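Data block below; observations after.
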Ligand code: NA
Ligand code: NA
C-alpha cells in the first residue's frame, strides 16, 4: 500500500474529492480515470463502462418513470386527496402522518422492486405532505422516507432478488415468498419506532375528522388509491413486466389527473416532465459513476481477496452469517447494491453452501444487508436521494436516521438468527429446504 | 521473462460448467501465463467483449456468434435455425475447411482468433400452458420471448411464433404472470433461471444449437511463440471437449428432472419446422451475405 | 426525452398486450433516451445546488476555505477529464463499426453524448474555477433551503 499504488491513490482521490464537496458522481469518475492512468490502462474504458452499463441497464428504467408518476401526482390534486384520506384515517393519532409514510412504502413495495424509485418518487410526495405547514422537520421527513423505502425490494417483486437468483441458482419464486415476513417485520418495527418517537418528541396530531365525512373523503381519493390495485392486477394478470409497471403508473397518474380530477393541463404536464428529468439526471449520474467504479473494483480482484480472507477462518454457519452481515454492511457503505450482489456475493455463496446454509435464507439476508447499505453513510444512495429531494442537510438527516437504522439492524439480527422467519412462507408453498 | 497476462471475460456465472472449463484451461496452460477470469459479465457487459478484445482491453473472451455477425455479416449464417444438428456436428464444422475459412475471416477482418466453439445446449421452446404443437402453424399467435435484436427476433418468426423481446432477468416473472406464453432457451438455462417452475411443457424444437466461441485477440496471439500458441490451442481443445461432454450429460439428466417436476415433454414434427425455417431464411435479406454454398457444405458434414 | 421514454413504454405494453405485436424498437428507444437524458441533463440542465454531494465539511467552514476547496476540486476535474478526453474520443469513434439492434443507429453517434458531456463539464468547471479565483466570489449556500417545487 503506497501512494504509487493505483488502487490506493484511486480510493484516496475519491474520498478527498467527495469530502471537499465535489459532486459524488464526478468524484467516482475522476478516481476511476486516475486509476486507469496510473495502471497504464486504456482511459477510454471509463467512457466505455459508463456508456455500455447505462445502455444495458434495462431494469433501471423503472426509476425515472416512477419518479415521473410521483411528479404527476404532485402536480395535480392526487397528493392532497391522499393526504386528506390518510389524515381522516390515522391523523388523530400522534405522529399519524409519519405512520402513513410507513404504510405508503409497504403498499408501494408490493408493486415495485426498487427502493430508489420509492424514495425518489413516492418519498418526495410524502416529504411534501409531512413538511407543509411545518408539521415535521424536513430532515425527519427525509430520514423516514429513506428508511421506509428499504422495504421495496424485500417484498416481492424485487430487482435485487432477481439478481441474487441469477448468481446463486436459488428459486426466484421462493425467494420472493421468503421476503414477505421480513418485509412486514421491517414495516412493523418502523411503526413502533415512529410511535415511540412520536410520544417522545410530541409529534403533531391532526384535527380529528368526523366519521360521517369518511365516505366522501374516501370517494374523492379513490382513483388515487386505486393505483396500487391497477398495478398489482396488471402485474399478476401478465399485462406488463415490473419495469413497464413504472410507465403504467405514470400513465395512470396522468389519466386520473387530466380526465377525472381535471387539474393537470399541458403546462403542468410539461413542468412535471422537467422536474422528473432533473431528479432523474442527478440519480442517474450517481448510478452511472458507480458502474464505472465497479470496473476498478473488479479488475483489482477485490472479491478474490475477500474469498481467501474467509477461507482462512474456521467458521460455524452462525459466525459466518454474522461475519457476512458485518462485511456487507461495511461494503454497503461504499458500494452500490446490485454491484455487491453481482461481484461480492458470488464469492460468499460457495462457503455458505458448504456450511449448509439455506440458499433462500442466505439470499434474503444478503438482500436485506444490501438494502441497509442504502441508508448507511458515506455511500447511502437512498440518503442522497432524499437529501436531494428534501433539501435538508446531510448531518440532520443522519441524526434522524439513527433510531431507524438501529431498528433495521435488530430486524436483520432476528432474520439472521431465526431462519424460520424467512422460510415459513416458502414452506407453506411447498419449499423443501 | 514475465508471464503473458490473459484477462478473460464472460457472461456466464462463476457456478457455470463453463467457468470450470476455464479453470481447467488455465491449469493446463501451466507456467508462463497469468490467467484471470471474470464471470457474470462483471468486467465487460454482455455484447461488449468483442470491442474490448479489439481495443486490447481484454485478451480473451467467450463471444456470441451473434455479436461477431454484427461486424461480420457472413457469420450470421452460423446463427440461423436448423443449421447444426447437434454438438458433434458443431465441433466437426469448426474443424473442417469451411470452419477454417470462417475463422480466418474473423482473424483477418476483426482481429480475433477463434480457439473453438463452447457448446451450451440445444434451444427448445418452453410453454407456460400446455398446447398441442406439431408444426410451425401450431405456433401461430404464440407470444414467444426471444432475446433482443433482429437476428433473434427473426429466429422467433422462423418458428412460426410471435416473437417479443423481454429482458432475461424478467422472463421468470413474465412467464409467471402470462405477459408471455413461452420462451426459448437451452435446458441448463431453464434450470438455472428456474423457468421450469412457471412452465408446464417443453416442446423439443431443437431449433438452434447454442454455442459461443472461445476467442483470443489477434494481437495477443501474434505475440506468443509457436510453442505457446500450440500450448494455448491444446489447452482450449481439451477444456472445450470436457465442457461439451458435461453439457450433453447435463441435458440428458435434465429431461428426467423436468419430467419429475411435472412438465410434459413433447416432440414436434422436426422436418416441418426445418423446412419452414430454412425457406424463411433463404428468402430473407440475411442469406444474401452468407458465403456461397456454405449451408450445403455444413449439411454435408 | 423523458416524454419519449414514457410514450415508448406505453406503446410497448399496449402493442404487446392488445395487438400481440413485437416491439423491440421501443425498449431500444427508451434505453437510448435514458442514456442521453442523464448525460445531457448532467451537462446542461442540472444546477450546482441540485448535485448530489457531501456538504458536511463544506457547509461548516469559512468562505475563504470554501474557495480553496472549490479551486482544488475544479483543477483536478479539469485536468483528469482533459487527460482522458483523447482516449474517450478514440473509444467513441471506434464504435462506428457497430449499430444498434433495431433502429440501426451507429454507436459512435449514440455514444457521442459522452464527449459532449465531458466537454461541457470541463467548460462548466473552468467557469467555476474562474469565478472562485475572481474578486467577486459569492460563496455558495451550504445546502438548498427547502424542497424543490
Ligand atoms: Na417489492
Ligand atoms: Na415512505
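The backbone N, Cα and C atoms fix where each Cβ goes, and this holds for glycine too.
Taken verbatim from TrEMBL:
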type     : residues  : note
TRANSMEM : A:6-37    : transmembrane segment
DOMAIN   : A:12-420  : domain 'TRAP C4-dicarboxylate transport system permease DctM subunit'
TRANSMEM : A:58-76   : transmembrane segment
TRANSMEM : A:96-119  : transmembrane segment
TRANSMEM : A:140-166 : transmembrane segment
TRANSMEM : A:172-196 : transmembrane segment
TRANSMEM : A:217-239 : transmembrane segment
TRANSMEM : A:245-264 : transmembrane segment
TRANSMEM : A:276-297 : transmembrane segment
TRANSMEM : A:317-335 : transmembrane segment
TRANSMEM : A:340-357 : transmembrane segment
TRANSMEM : A:363-384 : transmembrane segment
TRANSMEM : A:404-425 : transmembrane segment
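Residues 18, 24, 115-116, 119, 146-147, 149-150, 153-154, 158, 160-161, 164-165, 168, 170, 175, 178-179, 182, 283, 286, 321, 324-325, 328-329, 331-337, 340-341, 345, 348, 394, 397-398, 401, 404-405, 408-409, 411-412, 415-416, 422 of the same chain, all 6+ positions outside the transmembrane segment (A:363-384), place their C-beta atoms under 8 angstroms from a C-beta of that stretch.
Segment contact holds for the transmembrane segment (A:6-37) and the transmembrane segment (A:276-297), given three or more CB pairs below 8 angstroms at sequence separation of 6 or more. For the transmembrane segment (A:276-297), the residues of the chain that approach it from at least six positions outside its boundaries are 7, 10, 14, 23-29, 31-32, 35-36, 45-46, 49-50, 53-54, 57, 60, 63-64, 67-68, 70-71, 116, 120, 124, 335-336, 339, 343, 381, 384-385, 388-389, judged by C-beta separation under 8 angstroms. Same-chain neighbours of the transmembrane segment (A:317-335): 290, 293-294, 297, 306, 310, 344, 348, 351-352, 355-357, 362, 365-366, 369-370, 372-374, 376-380, 412, 416-417, counting only residues six or more beyond its ends whose CB sits under 8 Å from a CB of the stretch. Over the domain 'TRAP C4-dicarboxylate transport system permease DctM subunit' (A:12-420), the average per-residue pLDDT in this prediction is 81.
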